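Features as listed in TrEMBL:
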| type | residues | note |
| --- | --- | --- |
| ACT_SITE | B:190 | active site, nucleophile |
| BINDING | B:153, B:179, B:190, B:276, B:402, B:407 | substrate binding site |
């Protein structure tokens, strides 16, 4: 697997654009389009929130149908959630406008929105934005970055990744972009993420690969424990790599899954590290757990603990809070048996063993916790299962951003 | 039921004291004792965290045995959690010192600690503190307040309550004190709470009344979603009211339970309103839910949402976050059917109906959200079940307090 530059436009036949449509933000790109010159097999995973945004309902229909998808239209600023029947009608209108401009069918247009809940979209601006996007789309990294910037809300940086693998003698590319920041605690997938690939694969296997992989990637990320109404992860595969179609599991499928996993995990970590107000990426690795489910539960419990997150912000090795979060996770274990390490580019130290503090230096612990990526390694000493979760620290800026997000 | 002044010393025969033992804090009271002149039936509920502090293990043994309890010793500053076998030994030593000084049995001494996890207690100071407490205990509101102050950590005010009822022609008093602040998401009971009563009731019914009532009171409170290692709620009943012993359910039991509920709910709300860094008490009432479990799940999901809590701090009527938190709670409902109101001493308005924003004034919403106690009322329009949960806003001060709690 080769890691390359580029995002959603890295794979063959994928074009993109980002434009200023003035939906809610001023003086920045706020609408994006991803377009494949040929129809794609589409797979998707969506929020499990009972309150689903209108575009989530629209996209589920498209992805679960036999239709092939060819375009994704995204706006930032307004989430089109809690907007009633009118909100859904606006999705249909947006898809219709894109279909007209691109000369494709409305059922092949996927729609995503992110931003404030409860406001209606300004439809004139939306349809004008779609028209601008249809004119602006082209191949290349530059427009991929435009699109990645246009979907941001409180994100501080755009998030892209791409890799190349060889499948059936053909070069296959997978690229992706996503946005995260706040209201991030995906329960099927994260806020908005888009993966494009030129692989030739059956729709059934594409969905299966995606559904399985999100469990270990996007679903292991949390910024604030709030599962959004808009979480959407879409994968488009247009088959232009020319490999023999992957229709069953085997070496080709495994190669694709491995590359997809790298793309998903990289995007997921980018979301965690750029959580609202975050100054550090916080990784929690649980090893030697009794079973996979417990390993995931334990890891997620620690990355969602407000107290642990605030201590990380303060570079304070308050490991008792990590123990506490493991303890209330719901998983059973013997606190006397486990070991806890803290690790970063500044070093690695044993913090807790035999039910009490290990003999470590506070100074060294603070040095380790002052890095921009910090890992807590928990050895459960029980079995062979492991899991990793990603979060971030809890900061003044998280409160500031969210105390008055709408204005 | 008559609401009276006083806390743990309100009921007949209960004495208390608070002293400066210098455990970790300087120049403030940090050890408390509650003492009954005669042996008491004791009931208790404790943290469900797998990682249990040493005093929790000690107290569970006492409460679950046939022993009658007569004293509670509490220290603040150090939690005696994650302290291994030595931590438990220190509980035994503390109980022994109290037993010697009070001339009672060590098995009738309950021990509670709150503060930093992972540090060992300075035992010389602890035993000296116990001796000072045994000399200082006496009846009266003043020493009750001393005790309530001594158990505080980051609490900004002491928390007490007392009520009088008539049972079997006799005046029965129930009083209590508690401390809360951070790491508050009780799952059986909250951080530390102590209720004293002179009622005459069987140990079995006392425990039954307590275990049932915490489900609707302390277990419905959350400051930060972190279930502590030390959560303990103890009730001592010394029977000095002289009522005929309550040994079965009936009118007397109901009167006692109603009074106990008032005491527990009042203490629980005091903990929520004085959560770390909090500027407001946030109450979420869910009515007309399909069943009680769903009602509780929905209410707790909203009060633990970081985004909702931050919006409350900003007096921002970002109701979409409340809808979102209801939606990811796990309870099933139809978002198009429910109604959401915001209410405080400044008024009450309908915010959300028919799946979208109601026609309300943002100015009025902000006015309502600017009060020190705010209620979100959610009408699920499904059945007859209801539940109330209590939390607080998420503020800069929460982050400040917890970024460097140990220093």
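Yeah, the Cβs are placed from backbone N, Cα and C, and that goes for glycine too.
Summary for the binding-site residues B:153, B:402: the Cβ-based neighbour count within 10 Å is maximal at B:402. In sequence order there is nothing to list, since none of the binding-site residues B:153, B:179, B:276 has a CB under 8 Å from a CB of chain A. Secondary structure at residue B:402 (substrate binding site), as computed by DSSP, is helix.
Taken residue by residue with DSSP, residue B:179 (substrate binding site) is part of a strand.
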